[in-house]
């Protein structure tokens, strides 16, 4: 495995790499050795060792300053639903500055569809818990009571219209940029949309909302979403307990400070939940995390955001005091991410054809294939 301090490799044939996602427009990908085939350090998750020699990923709830910088760095990517629909000022203090509530997940059971999308686990979990940080403890407990009373809401009819619109966008992207035959593009689009779920942010079991967030729907791999939903129960008991304690202590106006641990197998996740295995945190890193709550150095925070979320932006703009959902004219295309989430191995396009009934000019094959925003990993 890789020593986190010296970066030197040690031999351990039992361990497979934890892949750290490279920033846009770069080719280098740092490799850190972990315990299985499915961990990708992205979306704010970073590798951390356990006391029995395993490797996990850890994500911390962003501070208010970090939330603003992350929102600004998205450059048009849809924001978590709780942020765009929050009608009151978001909380600015954590319920506990020194010890976050720890919740533990794994990247699906071996051989399942969900286990083939480790980066999607990091993406969905980071967005769900980032959205949770926009709720006060009082709002969280109110939502939990609503969920316990009424359970999940039925799928709204408007969602089907959104799916149809998404299918059209995928067909256009496959035909225009990847030169698919229109019939085959339509078939692949149907398969892709069937593999997607509209994401509640936070999940209904966390917030109790019975409708999707207003604005643009955020899509994610449905098998990953189902796996995460099935794992919420263990963490909810801890979150509920700490939220009630905070409310009794007069901290109902604060947000829940959460530490998310992501493992690559269910057995390790179970051991961490039961306290049989502990995540080892570097004292200096832990001190740095605690100091976030009183520090206001925007330049330092911006640099940390660039390091933790390299796929969002190399140079995030200065945020406003109240980030809002960007309009559609400036948002980035989500089709590439949707296709990557829907297919473990994206399909190979058909041979280019000469006659397409489209009103606008077609991009050349090489230009479309090599454009940075149109790359699909093969």
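We number each residue from 1, going along the chain as drawn.
Glycine is treated like the rest: Cβ placed from N, Cα and C.
Since we're looking at a predicted model, the values are computed, not measured.
TrEMBL annotations:
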type     : residues : note
REGION   : 1-36     : region 'Disordered'
COMPBIAS : 7-17     : compositional bias 'Low complexity'
DOMAIN   : 119-260  : domain 'Novel toxin 15'
REGION   : 309-378  : region 'Disordered'
COMPBIAS : 327-336  : compositional bias 'Polar residues'
COMPBIAS : 351-378  : compositional bias 'Polar residues'
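Each residue in the domain 'Novel toxin 15' (119-260) has a pLDDT score, and their mean in this model is 85. Helix, strand and coil residue tallies for the domain 'Novel toxin 15' (119-260), in that order: 93 helix, 10 strand, 39 coil [DSSP].
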